[in-house]
Every structure is written in structure tokens, then in C-alpha cells.
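Here's the structure we're looking at; comments come further down.
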Amino acid sequence: MVFSMWTRKRQILIFLNMLLVSRVFGFRWFPKTLPCEVKVNIPEAHVIVDCTDKHLTEIPEGIPTNTTNLTLTINHIPSISPDSFRRLNHLEEIDLRCNCVPVLLGSKANVCTKRLQIRPGSFSGLSDLKALYLDGNQLLEIPQDLPSSLHLLSLEANNIFSITKENLTELVNIETLYLGQNCYYRNPCNVSYSIEKDAFLVMRNLKVLSLKDNNVTAVPTTLPPNLLELYLYNNIIKKIQENDFNNLNELQVLDLSGNCPRCYNVPYPCTPCENNSPLQIHDNAFNSLTELKVLRLHSNSLQHVPPTWFKNMRNLQELDLSQNYLAREIEEAKFLHFLPNLVELDFSFNYELQVYHASITLPHSLSSLENLKILRVKGYVFKELKNSSLSVLHKLPRLEVLDLGTNFIKIADLNIFKHFENLKLIDLSVNKISPSEESREVGFCPNAQTSVDRHGPQVLEALHYFRYDEYARSCRFKNKEPPSFLPLNADCHIYGQTLDLSRNNIFFIKPSDFQHLSFLKCLNLSGNTIGQTLNGSELWPLRELRYLDFSNNRLDLLYSTAFEELQSLEVLDLSSNSHYFQAEGITHMLNFTKKLRLLDKLMMNDNDISTSASRTMESDSLRILEFRGNHLDVLWRAGDNRYLDFFKNLFNLEVLDISRNSLNSLPPEVFEGMPPNLKNLSLAKNGLKSFFWDRLQLLKHLEILDLSHNQLTKVPERLANCSKSLTTLILKHNQIRQLTKYFLEDALQLRYLDISSNKIQVIQKTSFPENVLNNLEMLVLHHNRFLCNCDAVWFVWWVNHTDVTIPYLATDVTCVGPGAHKGQSVISLDLYTCELDLTNLILFSVSISSVLFLMVVMTTSHLFFWDMWYIYYFWKAKIKGYQHLQSMESCYDAFIVYDTKNSAVTEWVLQELVAKLEDPREKHFNLCLEERDWLPGQPVLENLSQSIQLSKKTVFVMTQKYAKTESFKMAFYLSHQRLLDEKVDVIILIFLEKPLQKSKFLQLRKRLCRSSVLEWPANPQAHPYFWQCLKNALTTDNHVAYSQMFKETV
């Protein structure tokens, strides 16, 4: 434990150092050409590489070697081999889902016919691998040679039809195994799904096993005793035997749903058991499940629930009995007495066919469930909801959610909920509740009698219950087996106690309906037909209401006092109330917001508002206004100045969304009428063809401007001259062809720029100053029409070196031309294919001239060298006269020149070379050494010159490194000078390393005088021959050893 904690801390430090170094030195630790997103999760010490849906046909190069999580889902990778992850030794999770999805499950536009091939040992070298997802690849068998570190293996939606002991023997350390969806109607196997007896017994560490959607006919025998979760739903199991779960004492989750299903009205192929018989469960089948917490028996055609099933389930917390035939059983439910710790209970969609109950009868046994928090009874189908129906729930102090949706309730006295102030959600959605003036004492009641069969299909709206596999994992998300669903409008629910009356037949509301519901914080009335004229009195009992969803109704805003009774209201949704706004001659007062002192957010989307009796909206508190899908083009029509200040008196407004208002152009005067504190302005999807950029100066606090999905063709000359506060500019999906010369000059505050999906061909350097670009956090460029010519070289260079995040850089920022570069990624262009400026042209001309000059000189030298040489020296002698060169008498046989700083070379010279050549027992040579024979205090150059002059030969002991030093070059030049002055060749070269193959001098030297170029042999047996060659070279004049061809030429 201590070691693992230390390792984790060390990994975090490594990540921090890696990020710090990349920032300081300005380089990336993965290539820009990598077509994946790379993220670092420092607390978890994870490097996450996501290559989802990148059209890959192989695992890309450049994946960081320290990657821990690699996602390659939704691609077309045909095969995996041991080399696929060769350098990725730190991988902990690999997600290879959906690279060859089965035909009926996959896209019809790209049918995969060749299954993913996984070669043996492909994953065996990944010693840290913990999770492997291989779903949706048409695999025929479980991969072999998996690493022992693997804890999770997912093989869903493949073609694995047979489970045997043999193919599970390597999975002894697996804790989670998903084998579902390998044999069902959307992935048919056409054979019987077989599981060998006791096949899973070898997997002693197995905790989660899923065999869902497989046409399994019986519970597998002898499952591992440590199993915690078992999913067997949507199979064809007809019987649960007494001993099926005998040894599963630790099991916590059991799902047997969809075995012998109730098939009435389901939207998928469904085959019930014979005569609609239920799943037969032995009375003692669950006796061993003492630790069970979740039991799902959804859609098992159950008609009776014996109490004996639950006699040992004292810890059960969630029980799902939905979509069975338990309408009568629900009235008694004696089995609930055995479940004192139950937290969630679902009785939904147990209605009897052709039966419409007068009211609902809940069992008295419910009162024993003191810990119950969630009760769902959708689809019971009854007419009236009254106090006596719910009286049994008064004794449940912890009850938080009561779901009575989709019950065709016609009469509902909402005031019965005054006894349930602890409820957080009361769901009466998708019913037939409607008001009646004649029955005020009841509250809501019917306006017509309707048969239940006529509306039966409405049950399908509850998709949670009528999906074949509600827990199925998609290709994009690997999370599965989620907890129970949340309310549809989660935004409303978070404010507190919620009453959901959405999608009913309510067309009139009055205070008495909510008289005792003052505790409500959120009220959802969306999807009704409320068309009354609100005057500010209808909802006065709801003094604490903070969220009101009034969308999808027929709101008539005749009075400016509408909703004024809701003084605590913070969020108001009036979207999709276009009925009266589309009619002619109706008065609309949109200044009702003035009296809502705490209103923070107002949604008035998709109302087709084109007229208003009030010239302005007013509010001191409103911060967010959504006004999408209206007709500001009519209110701001040219020549009509009445509504130019329509939003001006929203003094606290920060976010204004006026997208989809058909604004082909925006009147310049509108900017003067904008709210003074506006920070976020959205004008998307308006069809704007022009925009008065200079008017942005009037919006002093504007930070975000969204002009996406319009028809703009131009950007401002200088964005900084238009706005000093703008940090985010979104211009995607327009018709912009070019950026102005100084577009971003001085726009240092900009952090996010999106110019994707335009028609930009060239980005000039002056348009994107580097100091501005380096301040950006996000630059979105994909789907433009870049011309990758010489004008783009600077941009390509910047893109390759910047740390700014550019989404889809490797895949979608591509060239449309010239032809050779069409479709090529911008970052992969060769920066050296273009001449940048006149300087390069001049340099090119000079270099060509130099080459031509050298060619002429060399040719002339080759043909007329000796003639020119003779003429030159003849006339030189004529003019200066002849002088005899004085030469000093030699004191040494050889001067040894070597790298005195290299200890290995020094050792070789002193112990090998000196020892051999100055050995008195053999022919004795007098050598001159720098460290031994030079005069102390005398200048180095003078010592060097004297040593060369006083020696018959100069021996250079060569290494690759020493050949590049200045001391070598100086000694060599002085030795070579003797050849020019005295016509004496004194140079001998000894190479201790492999000689420079490309050296022209060395090649020429070998041609002229091969005996003066020696190599120290690696074979010790060749050493005597080397010493003999060296002694011969020291005693022989180099001129004598010159090549015969050279002598004849001379």
C-alpha cells in the first residue's frame, strides 16, 4: 500500500515536470500530426489519448509512450498485432470498441464485412493493462494471451456464441466480464448460445458478470462465489431453479428482466413465454442472496409475487417489478413486509388490459417501508387521484420521489400533496388532467369521457420502460448499468420540491388548485394547452416558487401584471407559446418582467414574437434572456424606430441570445439600445449578410460574441478597434473568404477564436500577429479552403510550433490545393518547398554562380594544371630570382599529435605506441610528445611549429571527435605547409576509430599514398602487422610510396 502511494506520487511529479519542461522550452511531447486528443489527468496520473471516430485504418504513430488510457473506438482498424502497442508499456485501459460493428447494429452507409483480427500475444506485453473494451468487432472468440493484470474485459456485441472452460482459463484475475449482446434479434447468431457446465468457476476473482441479450436458456451452473453483480436480462430463461444462486452469498445486484417478457405494445421484436406464462421462480431460489441490494424483475410477466422470495433479503434497497401483470398484486403486496430497508420501488406499467380503475389502491404494507425514498407507479391506469389513494404514504417520512405519470388520470386534487412537504418530486406528467369550472371543489377534473384503449400508444412515450436494453452502452460512451433515471427537466428539479404537470390537458389554472402547495420550488406546466390571460393572481399561493416551466402552451400576455405574484421566481420558461403571438391584432405586454424582482433567467424561445404593445422589456434583476426563434426582423424593420431600445432597460442583463430571428442585417442604432452590462451576445443562425463591427464599441463589457451560422463575408479591419473587452469570437459556418490585413492586431485580450467552416484560403502573417496568437487558448480552423502555397509557409510553421489548442488539426485542417497537396493536412507540409523572398533568390544565384565557377576552375585545373603551374613559377623565379630554402636539421623521427584531453587516446599513445616505437630491444625511434618534450612557458604555437619542423614525420592519432578540434586543424595545416614549402610529405594518419568515409582528403590520400593511412585493427592478432606497417611508414619517404599512376601523370 505504501509502495503504491509512493508510485502514484512519483507519477504525478513526473507529469508536473513534463508539463513544466514543455512550457519552458516550448516543445510538445507528442507530434501535432497525431489525429487524437491528448489530455493529462494529474490527480489520477493518467495520460488520456482519445482517437474516437477519426476514420483510422491503423493505430496512429506518435502516441505518447506514457499513455495510460487509449481510446480507438468508431474507426476501421482491421487488425491488432503484438507490434501495435510496442512502445506503450504504461497502458492501463484500451478501448477498441466498434471497429467492425455487426451488420444490423452498425451504420448502413459503412457496412463492415471483415471482422477485427487480433493476433496471439497482441496484449500480452502490457503488464499494467487493467481494462480492455473490444465490443462491436464481430469477434468469434475470447482473445488469448491476455495479461494477468487485466481486471475488466468487455466483449459485447460480437459473435461469441460458445463459452467453455478452455477459453476462460486465462481470465482467472478478471473481476468484470461483459459478454452481452452476442446473440439477439439485432445481432443474430443463428445457433444456440451455449455455456459449458461450471465454465465460470475458474474465475475466482469475478465480481461482475453480464450475459444479457444472449438467448441464454438457463442460469449458468456454479458461478464464482465472490460474484457481486449478475446481469441475465433479455434472455429466454423460463425457470429459475432452487439451487441456481445457492453459492452467491455476496451477490448485491441481480437482473432477470426480460425473461418471459410482457410483449404488449413494446416497440421491438418480442416473444413471450407460452400462453403468456410468467418467469417461473422457485420459492426458495433467492434464499442464499442475503446481501442482495438490487433486484430487477422488469417485464417477466409476473402475476404474483410470493413473500417467500424475500424472506432472507433484509438488505434489499431497490426492487423493480415494472411491466408485469401485477395490478391486483399491488393492492396487497404482502411481500413488502420482508423488505424493511427498501429505498426504491417500481410498480410501473402493470395495468390490466381493457380495465380503467376508478382510483389507485396502494397496499397498506407500504407503510412499513420507513426507508423508502422513491416510489414509481406509472401506467397503472386510473381515473381519479384523491387523498384516500395516497393516505398510506403519509407514514413514509423519507419519501422523496412519487411518480404517477402516464396513468390517464382525469381528476386530480393537487391539494392532497400538502401532506407531502418532504417530497422532492411529484410527477403527474403525461396524464389527462384538465380543469372544470363546474367542479372547483375537486380542483382538476375531466372534460370528456375517453376510452383507455384509444390512448394506449401514449404509453410508448415512457422510453425508460420500453427500450429493449435501457442499459446498453453506445460506441461513444462506455459507461453502462447506470442508476435509475432522473426527471426529464433536471434544471427544474435542482431548485427543490418539484411538481410535474407537463403534457396534460390543462387549459386553465386558478389559485385554488395550488392553495396548499406553498412549499413548491419548481412547477412544470409545459406541454398543456393553457391559453388563459394571466393577470398575476393565478399562482399566488406559490410564494416560494423559484422555477416555472410554462413552455409549449398558449400563453396570452395581455396584462403586464402576469406572474407578478411569484416574487421568488428566478427562472421562467415561456418558450414555444407561439399560438397567440402568431395571430393578428392581439395585445402582448412584454414588460411583465419589471415586477419580478428576483428573476434571473427568462426563456422566450420559438414564440414567433413580431409585435409588442410595450416598447421595452424592463428588469433590474434579469441576467439571462433567451429570445431565439422570434421575429426581431419585424420589430427592427428599417424605418421603424419604436423597438430599437427593446432590451435597453434590462439593466442587469449579461447574456442575450437572439439567434434565429431572421435578421439579414442589424440596424446600427440597435447597438445603442443594448443593455449596458451585456457580456454575451448571440446572433447565430440569422442569415446576417453584414455586420456593423465598429458599433461594438458601444458594448463596453462584451466578452462573448457568437455570429455563427450566418452569411457574413467580411471581418473587421482591426478587431481591437471595435472592442477592447472581447475574449471569445465565434464566426463558424459563414462565407468568409479572406481575413483583413490587420484583423487581430493588438487584440491581446482574445482567448477563443472560431473561424471554422468558412471559405478562407490564405491567412496572412499580419492578420494573425504572433503575440496575439500566443495568447489564445483555443483556435478553431477546420473545414476551410486553405491554399497550401508559399504564402502559407509562415502559418504552417506557426501551427507546428504553437501550444495553442487547435481542434481537429491533424484530420480536418486540410488543403484544397494546389493539386499535389489537395486533401493533405496543413501540418504535414514541407516548409522548404517555397522560396520565401528576394534574399533566397539572390543566394540561389550566388550559389549557382559559385558552382559554375568551381566547375570551370576544376576542369581547367585537370587539363592544364602543370602548364599553368610551370608558367606561374617560371615567371615568379624570373622576377624574384632563385633563393635556396634553409631547412633545419631533424632531431626526432616523428612528432606524435593526439587528443591529450582524451584519457583513452593518451593511454594508447603512452602504453602502446611509445612503448613499441621507443623499445630499445627493437629498432629504436626518437619520438616527440607534447606532454613530455615541449618547453614549459613557451607559446603553444611556437612549440607546435618547432616540433613539426624538427621531426622527420608527423603522426596524427585520429578520432572522430578530435578531427573537429582546432588543435588538430592547426597541427595539420603546419604539417601540410612543409609539403608546400619544402616539397616534403611528412603526414601519417592513424585512425583509432572507423575513418570518415565521406572525407575527400582521406579518399585522395589513400589513392596517392596508401601506406601513410593506417587503422588500428580490432583483432589483436593483427597488431604486429600494424606496428610493422607503421615502422615502414616512418622510415620510408612518402614520395617513394606514392601511387605509380600519380607518378606517371606527374
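A Cβ is built for glycine as well, from the same backbone N, Cα and C atoms used for every other residue.
Summarising the annotation, Swiss-Prot assigns domain 'TIR' to 890-1034 and lists sequence analysis as the type of evidence. Shown for the domain 'TIR' (890-1034): DSSP residue counts in helix, strand and coil, namely 76 helix, 25 strand, 44 coil.
Here Swiss-Prot flags 42-64 as repeat 'LRR 1'. Helix, strand and coil counts from DSSP across the repeat 'LRR 1' (42-64) read 0 helix, 5 strand, 18 coil.
Residues belonging to the repeat 'LRR 5' (151-170) score a mean pLDDT of 93 in the model. Taken from Swiss-Prot, the feature repeat 'LRR 5' applies to 151-170.
Outside the repeat 'LRR 6' (171-195), and at least 6 residues removed from its termini, the chain residues within Cβ reach (under 8 Å) are 102, 104-105, 135, 142, 146, 148-163, 202-217, 220, 231, 234, 268-269, 469, 472, 480. Residues or ranges marked as repeat 'LRR 6' by Swiss-Prot: 171-195.
Long-range neighbours of the repeat 'LRR 7' (203-226) within the same chain, counting only residues 6 or more positions beyond its ends whose Cβ lies under 8 Å from a Cβ of the stretch, are 156, 168, 171-184, 187, 189, 192-193, 195, 197, 232-241, 244-245, 247-250, 255, 468-469, 471, 481. Feature annotation from Swiss-Prot assigns repeat 'LRR 7' to 203-226.
If you look up Swiss-Prot, you'll see 248-273 marked as repeat 'LRR 9'. Shown for the repeat 'LRR 9' (248-273): DSSP residue counts in helix, strand and coil, namely 0 helix, 3 strand, 23 coil.
The repeat 'LRR 11' annotation in Swiss-Prot covers 290-312. Cβ atoms under 8 Å from those of the repeat 'LRR 11' (290-312) belong to residues 233, 249-262, 272-273, 276-279, 281, 283-284, 318-326, 329, 333-335, 337-339, 346, 465 of the same chain, restricted to positions at least 6 beyond its ends.
Sequence annotations record features per position, and here Swiss-Prot assigns repeat 'LRR 13' to 339-364.
The repeat 'LRR 16' annotation in Swiss-Prot covers 421-443.
Annotation comment: Swiss-Prot describes 567-589 as repeat 'LRR 20'.
The feature repeat 'LRR 23' is assigned by Swiss-Prot to 650-673. Long-range contacts of the repeat 'LRR 23' (650-673) within the same chain, counting only residues at least 6 positions beyond its ends with a Cβ under 8 Å from a Cβ of the stretch, are 593, 617-633, 636, 638, 641, 644, 679-692, 695-696, 698-699, 706.
Long-range contacts of the repeat 'LRR 25' (699-722) within the same chain: residues 659, 671, 674, 676-691, 693, 728-737, 739-748, 750, 754, each at least 6 residues beyond the stretch ends and with a Cβ under 8 Å from a Cβ of the stretch. Summarising the annotation, Swiss-Prot assigns repeat 'LRR 25' to 699-722.
Marked as repeat 'LRR 27' by Swiss-Prot: 747-770.
What Swiss-Prot records for 1-26 is signal peptide.
What Swiss-Prot records for 27-837 is topological domain 'Extracellular', and it gives sequence analysis as the kind of evidence.
What Swiss-Prot lists as topological domain 'Cytoplasmic' is 859-1050.
Broken down by DSSP into helix, strand and coil, the repeat 'LRR 5' (151-170) contains 5 helix, 5 strand, 10 coil. Under 8 Å from some Cβ of the repeat 'LRR 5' (151-170) lie the Cβ atoms of residues 97, 101-102, 105, 115, 130-142, 144-145, 176-183, 187, 189, 191-196, 198-200, 202-203, 210, 473, 478, all in the same chain and six or more residues away from its ends.
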